[in-house]
Structure formats: C-alpha cells, structure tokens
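Undergrad: If you look up TrEMBL, you'll see 65-161 marked as domain 'PH'. Positions annotated as domain 'FYVE-type' by TrEMBL: 186-245. The region 'Disordered' feature in TrEMBL is assigned to 274-300.
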C-alpha cells in the first residue's frame with residue numbers, strides 16, 4: 001500500500017522511483033509483446049499467401065490479423081472434401097488442398113459481415129457439422145471434434161460481431177432473404193427432383209442456383225439473373241422460373257400506377273445455354289491437421305500457446 005510522507009504531504013522519493021520503474025518496464029513489455037505479435041502476424045499472413053501462389057489474392061493489409069487456421073470437411077457435390085480454412089478478423093478464406101501445408105488452390109474469400117452460421121445435428125457422413133450461409137454461396141462444413149466445431153463457430157461469431165460494430169452495421173442481418181441456396185449433394189438423389197427421370201450417362205445431374213435442387217438438363221434450360229450469386233444469368237429449374245415470373249408480375253402490378261408507358265421488352269425465360277463450373281470438385285484425399293488459433297496481446301487470456309487439436313475430445317487443462 002502506498003503511503004504519503006507525513007511531513008510534507010508528498011509521496012517519498014523511493015515510492016516515486018518505484019512507480020516510475022514499474023510503469024517503464026510494464027510499458028516496455030507491452031510494446032515488445034505488441035511488436036513481436038505484429039511481426040509474427042505479418043509472417044503468418046505472408047505464409048498463407050505463399051501457399052496459394054500467384055492464383056491467390058493478396059491478404060496482407062493494415063489492421064488485418066490472422067486469427068486461426070485449420071482443416072475442415074466441406075460438403076461438395078460428390079461428398080465431403082477436406083478444405084483448408086483461414087479465419088482473419090475481417091474475412092474467412094478457404095481453398096482446396098493440393099500439397100498439405102505447402103500448396104493450396106482455388107482460393108475463396110468471404111467477408112465476415114456476410115456470414116451467418118446455423119448449428120446442425122451430426123450427420124452420417126458429416127459429424128460435428130454446421131451451415132455457413134452467405135449471399136454468394138452457402139455450404140456445410142464439419143470439424144474433427146465437437147470442441148473444434150464450437151471453437152470455429154465461436155471465433156467466427158466473435159470477430160464478425162467486432163467487425164459489424166466497428167463498421168457501424170446493423171446487428172440484425174437484413175439480407176437474410178438473399179442468402180444463396182445450399183446445393184443438395186449428387187449422392188442424395190438418383191432421379192431428377194422435378195420430373196423424376198433417372199440420371200445416367202446421357203442424363204446428367206445439374207443444380208438449380210436458386211433452390212439448390214438436383215435436376216436434369218430438360219428441367220433446367222432456363223437462366224435468370226441472381227445478382228448476389230453472379231453478374232451473369234445462372235441455371236434455374238422450371239419451378240423457380242415460375243416463381244421468378246410471379247415475382248416480376250407482382251412488381252409490374254405495383255409499378256402500374258407509377259409508369260403510364262407499357263413495357264415493350266418481352267421476358268425471355270430461356271437464354272443461350274452455358275455451363276458454370278463448380279469450384280468444389282478437386283482431388284483432395286483424406287487430410288486432417290490440428291487447428292491453430294493465434295491471439296493478440298490485447299486479449300485477456302493471451303498466451304503464446306493456444307492450439308485446439310482434433311484429438312482433444314476432452315481438452316486438458318493448460319498449465320500455461
């Protein structure tokens with residue numbers, strides 16, 4: 001306990017010197033920790049950039065922090081595939097694994113403010129799964145353990161909230177109706193989900209971009225513009241064509257009182273057909289690595305060691 005000098009009401013020289021030294025060394029330690037973290041964070045981000053090579057986008061920018069990295073299973077058209085995921089404080093990045101730990105491909109960037117997560121029960125092929133929804137793409141992912149799943153979901157939600165607050169965005173997601181549909185995996189149906197025709201070599205599977213159903217070519221000849229998914233018209237099934245036209249008709253009825261001139265442009269439900277390649281198909285084999293979480297010195301529970309390993313079904317109490 002600090003005491004005042006009874007003679008003149010001022011703190012003694014010894015106490016002043018002690019306080020000055022304490023503040024000096026405390027401030028120096030914090031600055032050193034911050035400088036070390038900045039250097040380490042820069043090296044980590046540059047290492048991530050190097051794994052994607054020239055095909056990837058530049059990830060290093062002022063204020064960006066790499067929070068964690070790891071391998072998650074992503075449900076693709078032909079079943080679960082291992083993907084490498086990198087969580088930053090403002091974006092979520094994932095890609096296909098070509099050479100584990102050295103070479104990744106098909107980099108995808110998702111702004112955290114666009115992400116909505118939905119917890120799900122375990123599936124037969126996807127234990128510890130949950131749904132990641134975004135306006136451009138929605139997909140299922142699964143972790144190696146319940147602890148790792150909770151860690152991923154918690155960190156994503158935590159940094160999304162911080163980003164939304166920093167940008168002054170509304171906390172309630174007003175774009176909920178504009179999330180992309182989740183594609184149903186190819187193995188889920190052997191027949192067209194619209195006309196019930198069986199798929200074979202000649203009758204291939206396709207996906208409606210609006211509802212995510214598996215459909216045949218005859219039931220998905222139409223194209224429509226879905227701005228949140230693509231700037232070009234994309235494949236939709238015949239059921240969604242009807243819904244799109246119903247929406248257009250309702251829009252025209254509402255606009256009748258405002259525009260006296262009749263629209264002379266005819267709607268064309270069937271446009272020139274083209275194939276859109278899926279980024280989900282790759283040749284990854286089974287591959288799993290522990291998830292790493294990196295913390296900033298500003299965090300209350302900051303520690304130089306913070307790993308969540310897949311084999312930790314019951315995480316041990318850390319002695320650090």
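The backbone N, Cα and C atoms fix where each Cβ goes, glycine too.
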Undergrad: For the domain 'FYVE-type' (186-245), what does DSSP give as the number of helix, strand and coil residues?
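TA: Computed counts for the domain 'FYVE-type' (186-245) are 14 helix, 12 strand, 34 coil.
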Undergrad: If I take every residue in the domain 'FYVE-type' (186-245) and average their pLDDT values, what number comes out?
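TA: Looking only at the domain 'FYVE-type' (186-245), pLDDT averages out to 91.
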Undergrad: Count up the helix, strand and coil residues in the domain 'PH' (65-161) according to DSSP, in that order.
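TA: Residue counts for the domain 'PH' (65-161) by secondary structure: 19 helix, 53 strand, 25 coil.
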